[in-house]
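Visitor: Attaching a single structure in structure tokens format; questions to follow.
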Amino acid sequence: MRQAQPWIRSAAFDGLWLLSPPFVALLLVLLLPTHFRTSAQMPVVGWVVLVVFIDVAHVYSTLFRTYFDSTRRREQQRLLWLVPLGCYAAGVALHQLGGLVFWRVLAYLAVFHFIRQQYGFLRLYQRQEPTQPHRWLDTVLVYYATIYPLVYWHLSAPRNFTWFVEGDFLQHDWPTGRLLATLLYVTLLLLYLAKETRQWLLYRTFNWPRNLLLGGTAVSWYFGIVYFNGDLAFTLLNVVSHGIPYLALIWISRSAANTGTHRPLGQIYAIVGFLGLLFGLAYLEEGIWDGLVWREHASVFNWFQHLPAISSPTLLAWLVPLLALPQATHYVLDGFIWRRPKPVTA
């Protein structure tokens with residue numbers, strides 16, 4: 001009997017939008033000129049596509065599972081008010097301690113969010129598997145496949161890329177620590193390979209989506225952070241592997257009130273509207289950032305250069321947390337909006 005696979009929607013949809021992005025991103029990186037894999041160079045077009053239209057856009061897609069969903073607005077009203085208010089208050093307090101303190105905390109919050117997304121997908125692809133003693137290895141591996149590259153990064157000299165800003169990660173060059181972390185990673189990979197081989201030999205079972213997820217996680221994080229040392233390579237692998245699956249999951253899980261018609265033309269209009277709104281919000285946010293704070297991409301945000309550049313530390317302490325509020329809120333809310341409701345007991 002053919003083994004049923006635990007696809008979230010279908011083999012075609014999951015394969016294209018949820019599981020293939022890390023492998024496609026790696027292929028694109030390998031096709032890049034060598035200097036993009038080994039330097040801090042980031043072409044403007046690459047920055048716009050990756051940072052604005054994927055990374056920032058995926059932040060705003062959370063709106064479709066929260067504030068744009070009338071049922072969730074009603075059921076989670078307190079959460080949807082308290083999270084942004086709490087994030088802003090915490091952001092202002094952190095920025096008062098220093099701009100780098102604010103960005104460092106936000107960077108580690110983002111890292112936690114990125115790691116937990118992979119664990120969440122793992123749980124979805126494990127949902128039809130019986131609870132077995134070796135299942136812990138899947139969880140350990142999906143976490144360490146993300147944590148190991150971060151440990152390697154923290155124990156290296158400054159690299160040609162950052163998460164948000166220069167110095168946001170604490171770093172100390174310690175080759176021995178990197179070696180120990182690598183040996184542990186290799187050990188876990190070998191244990192997992194042995195476990196999967198045993199499962200196949202004994203039961204002829206192989207969970208394709210779970211293994212593709214773990215493989216993609218390992219590929220995107222290892223090659224993006226450890227193997228390559230280029231800003232474009234890191235951003236491409238990091239953003240594509242995280243943002244596109246998130247956007248796809250939001251799309252297929254949106255409430256019935258937002259599904260629109262099932263006719264092909266209606267679906268096309270719905271997708272265009274969905275992405276168009278996200279791209280517009282992302283462009284607007286980044287334009288305001290560039291006009292008021294960064295002043296780095298005048299060619300992309302020409303109109304926003306008419307805004308006054310803010311340099312006052314006092315004003316920045318209130319402004320920067322406000323501009324970063326969409327992503328901070330996204331990171332925190334994401335820990336709640338995917339939880340399954342607990343069954344009601346009689």
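Here the Cβ of each residue, glycine as well, is placed from N, Cα and C on the backbone.
Because TrEMBL annotations are produced automatically, they should be read as predictions rather than curated entries.
Okay, so TrEMBL annotates it like this:
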{"type": "TRANSMEM", "residues": "12-32", "note": "transmembrane segment"}
{"type": "TRANSMEM", "residues": "44-67", "note": "transmembrane segment"}
{"type": "TRANSMEM", "residues": "79-94", "note": "transmembrane segment"}
{"type": "TRANSMEM", "residues": "100-115", "note": "transmembrane segment"}
{"type": "TRANSMEM", "residues": "136-155", "note": "transmembrane segment"}
{"type": "TRANSMEM", "residues": "175-194", "note": "transmembrane segment"}
{"type": "TRANSMEM", "residues": "206-228", "note": "transmembrane segment"}
{"type": "TRANSMEM", "residues": "234-253", "note": "transmembrane segment"}
{"type": "TRANSMEM", "residues": "265-284", "note": "transmembrane segment"}
{"type": "TRANSMEM", "residues": "315-333", "note": "transmembrane segment"}
Visitor: Other than its close neighbours in sequence, what residues sit by the transmembrane segment (12-32), given a CB gap under 8 Å and a spacing of at least six beyond its ends?
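Guide: Beyond its ends, the transmembrane segment (12-32) has Cβ neighbours at 121, 209, 212-213, 215-217, 219-220, 223, 228, 232-233, 236-237, 240-241, 244-245, 248-249, 252.
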Visitor: Can you work out whether the transmembrane segment (79-94) touches the transmembrane segment (175-194), with the criterion being 3+ CB pairs under 8 Å where the paired residues are 6 or more apart along the chain?
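Guide: Counting Cβ pairs under 8 Å, fewer than 3, so no.
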Visitor: Using a Cβ-Cβ cut-off of under 8 Å, list the residues of the same chain that are 6+ residues beyond the ends of the transmembrane segment (265-284) and lie near it.
Guide: 52-53, 56-61, 64, 247, 251, 259
Visitor: Against the transmembrane segment (234-253), which of these stretches has the most C-beta pairs under 8 Å: 44-67, 136-155, 175-194, 206-228, 315-333?
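Guide: The stretch I would name here is 44-67.
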Visitor: Between the transmembrane segment (100-115) and the stretches 44-67, 136-155, 175-194, 315-333, work out which stretch tops the count of Cβ pairs under 8 Å.
Guide: 315-333
Visitor: In the same chain, which residue numbers or ranges, 6 or more beyond the ends of the transmembrane segment (44-67), come under 8 angstroms Cβ to Cβ?
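Guide: 73, 76, 80, 232, 235-236, 239-240, 242-244, 246-247, 250, 253-254, 258, 274-275, 277-279, 281-283, 285-286, 297, 299-300, 326-327, 329-330, 333-334, 337.
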Visitor: With a Cβ cut-off under 8 Å, give me the same-chain residues at least six positions beyond the ends of the transmembrane segment (315-333) that come close to it.
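Guide: Beyond its ends, the transmembrane segment (315-333) has Cβ neighbours at 56, 59-60, 62, 66, 79-80, 83-84, 86-88, 90-92, 94-96, 99, 102, 106, 109-110, 112-113, 285, 288-289, 292-293.
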